[in-house]
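Copied over from TrEMBL:
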- 22-230: domain 'CWH43-like N-terminal' (DOMAIN)
- 459-636: domain 'PGAP2IP second transmembrane' (DOMAIN)
- 693-943: domain 'PGAP2IP C-terminal nuclease-like' (DOMAIN)
- 144-163: transmembrane segment (TRANSMEM)
- 175-192: transmembrane segment (TRANSMEM)
- 204-226: transmembrane segment (TRANSMEM)
- 283-304: transmembrane segment (TRANSMEM)
- 362-382: transmembrane segment (TRANSMEM)
- 394-414: transmembrane segment (TRANSMEM)
- 426-443: transmembrane segment (TRANSMEM)
- 463-491: transmembrane segment (TRANSMEM)
- 503-521: transmembrane segment (TRANSMEM)
- 551-569: transmembrane segment (TRANSMEM)
- 581-604: transmembrane segment (TRANSMEM)
- 616-634: transmembrane segment (TRANSMEM)
Amino acid sequence: MASSSSRSYKDKDAGVVLSFNGQWVSWSHTVAASLAFLSALVIGSALHYHKIVQNEWYGYPQEWFPSVSATIGDRYPERSIFMLFIAITSGPRFALVGLWYLLTAKPGRTLPKLIGWSGIIRTLTCGGWTYITSTDDHDWHDILMISYIVFTIPWTTGCIALSPPNAKAIKYRKYIAGAFFGTLVPLVYFFIQHKVHRVAGAYTIYAFFEWALIVLDVSFDAVTALDFDSLEITIRDVKGTSKGVNHSSVPTAVLEKEKEQATGGVYSAGFRFGEFLDIAADVYHGFVFWSILTSLGVVIWYFPLWHMGISGYEALVMTTISPFLLAIRPLRSFIVSNQRITHLLSLAGLLAYLVKDPVYRLFTVGFGVSMGCLSWAATWYSDSVQPTRLEARILAWTIGLLMSSVAKFAWYTNNPIWPIMHAENGGWNATGLFLAILAALRFTRRGPHQGGNTTEKKSGSSVLSAIGIGGLFFGLHSLLSDTSTMILWVWDGYPIRGPVSNVHGWYTIAATTAGILIGVLRPGFATSWTAYGLGCIGAAYLTLYEQWRGYYGGLTLATYLMAIAVPMIGNAAKKSPAATFGLGFLIYNFLVLFHVWVVAYAFVPGGPLVREHTDWIMITMMLALGIGLFDLISQQAKNNSSSKKKVGVIRPVNTHHRKYHFGVLGVLNLLFLSANFLRFPTNDYKPYHAKDRLFTAGIWTIHFSLDNDMWSSEYRMRDLIKEMEVDVIGLLESDLQRVIMGNRDTTQFLAEDLGMYVDYGPGPNKHTWGAALLSKFPIVNSTHHLLPSPVGELAPAIHATLDIYGTLVDVFVFHSGQEEDPEDRRLQSEYLSKLMGSTNRPSVLLSYLVTEPLKGNYNTYVSDVSGMHDVDKTDWDRWCEYILFKGLRRTGYARVSRSTITDTELQVAKFVVPNSEEDSKFAWGVPEDVRDRRVEEHEVPEGWRFPRMFRGEGVRGHRYHVFDEPRYYNF
């Protein structure tokens, strides 16, 4: 029996004593939730208005409307009243979730159960972040908040998909859900404006969008009242809605189609856990391939790094051409028929972390790469006769690359299963290997669709296809294996005018995700010359422009590379695997070496011919893609001509697998955004000795973050920098954004873990070995310089202005050219001397000069032109690292041994910033004998002293050396 009244008594013989309409569950939930937030806003504004509109940068009147978190936060009584109403809301909330499940559940359907559980978890996490504020426990508050947002997505989309045939309810849910997710974009934008750019008033606008999310969230659940009016709490379906009876004037088929369109058809087919495991295993196996491939360059790089030139081990880059072995028919037949063996053997690349000797570790990784390339080529070839399975394999491989980028972002650009990682520096090698074995076994549980002796179809040119594959593989690896690569291409210093790695990295993930979707859902467009033209324009913009314009070009190129991957690999798989993938990887190797030659030109044969020509690399890559596209389109034209209809490269009949792949894409995007949220910069960094107006500056050549034993060295560097209480540090040999170096960025981890601002320095497309600046103090402005280098390697420099205790101080970070090029070094010394002399502010130079003290170019750096003074001119045992200064009180100087982290020591000096105009005049004009007067440690204040833990034998191989103790000065 249906009833529109709130409650009615039933005849006891019917077994019903009391009943009320189900819509009252919705209304009670809506009222209680609304009162919770509204009461907190009204009471908070009445009692603590100026406090709750205040944030870390601004208060009233710049900020005049409170955020949700500030309103419901820590103040009495609004917090208590809010929690009371939230507790009241919990009962109707659980009832609402339960009624929704009962309304939508049908025999044999899994989706209502999944949505029901997501609703329960969402409710619990809501209670978590509302009852545990950021003041109580910041980490758990953030974790529960992120979890709530994550589970809102399946709840929202699932409710739309499961909506009973009620046209009004479906319409409201679509509009409200669209508004909710649309509001997230300006919400994030204005949060970045507030948090990163410190724009006055931005937080107030952010607060409006935050409150809008609350309103939309509550409103979405309020729509259930339109569906629950068919229920009486007995609980019984009194209108047959749960059985799919359509009471609407709109036909059921129309409504079902509308729901399918609103949810992208993700829920239109049944969910099978076995199929989900298959796809998850495939994607993880693709992730493992990319993890092993991207690690090869890092372990190869270790050897020329220590040999200071070509070592011979570079030859192992050619392990990728193993698909050439498939030209041998008996061997191809064996490999195709026994793919499980080769795929499992490829996991040697993950086992390599157990091999301590660097040489043997390199060969182990090389073997893993060889088996991986061979296995995937054989898999694509054997599955090429079954378009659905081939598409699934290619999707697993491309989404595996995206997963690798997500993992690297979460681990600060290191991959947790690389062989340069282990437990001591954050590696998850054992866990990754265990999952990789399970994934490989499931990936290979089905037999091949064709044997190895099948004659390849005459479908276009294998050579042209191979050229396209080489360009594609290189583009994916060099630009998309890390989300910060293209961002650092367009980085140009402070003030920030472009994207930042730990804020905007998701844009790259979004572009690659869009590319995959286009390649699968719109292959006709992906394989068109129009799309190729857009990709070329994107490549040109990325190469030629900085800041946002260059990055937009990079995003366009990223989208195109991922879009063309599925059809181009699918086309290549139909031909000889030895030709398409063997030759393809050979061309990829050529581009990788070309990619290194443009910066390592001073150390390699023929290097000067390609010096600084990243533009040539980009042109070559795009031409290779164009050649591959020409072959693909030509084959399409032949197929069209023969069949008199359009024939795509891949036309799978069964696309059931796509919903799982797209689901994995969604999960990976959510995981990235969660990591992004946790890595969001706080920009509230504190120096170690603020009360003394003192800062410690250091210079360190970090040898590309690989220690003497081939382990990633970020953690060890972090420990020493923290224990030495360094406030400002210049890092040299810091540009790792190349294939051969793993596309890494050490500065991200150091800056975020140590709480410092960072200037990466000249980007990877500027062809230097890198110079970076980390600072506890805000970087007001910075410019990048490439000093004259007519013969040898380019000499990078950073000129930054820091706000140190309210005084503008200039800091220069510089890496001079090599010893073999004296004319380069002379020109560089003149350039930098004039640059330092151009400022009348207090200054510090953190540098690598390649000169003896008091001789040659030293007297150009330390001169009347520059105005700079040596930190200790009596320190005769120097050749590379130097610290110079002017306009500051130098109070201490120390040299700390490197242990096995790198090949160069850490040099540090302490400076006091003048506190008055009189102090400043004295610091600028003090006589040399007074300025260089040394004193004992007990004669300087406690806050001026270096840590005692590095005296004597020191710790972990670090100690004060050369002088065996720090030197102090006091004037």
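The backbone N, Cα and C atoms fix where each Cβ goes, and this holds for glycine too.
Curation does not apply to TrEMBL; its annotations are automatic.
Among the recorded stretches 426-443, 463-491, 503-521, 551-569, 616-634, the one sharing the largest number of Cβ pairs closer than 8 Å with the transmembrane segment (394-414) is 463-491. Restricting the average to the domain 'PGAP2IP C-terminal nuclease-like' (693-943) gives a pLDDT of 94. Here the transmembrane segment (283-304) does not touch the transmembrane segment (551-569). Their Cβ atoms form fewer than 3 pairs under 8 Å, with each pair 6 or more residues apart. With a cut-off of 8 Å between Cβ atoms, the residues of this chain six or more beyond the transmembrane segment (581-604) that come close are 297, 304, 308-310, 317-318, 320-327, 373, 376-377, 380, 462-463, 465-471, 473-474, 477-478, 572, 610-614, 616-617, 620-621, 624, 738-740, 767-769, 791-794, 818, 821. Note on the transmembrane segment (362-382): residues 289, 292-293, 295-296, 299-300, 302-303, 313, 316, 319-323, 325-326, 332, 335-336, 339, 342-343, 345-352, 355, 390, 393-394, 397, 419, 448-452, 569, 572-573, 577, 581-582, 585 of its chain, located 6 or more positions outside it, place their CB under 8 angstroms from a CB of the stretch.
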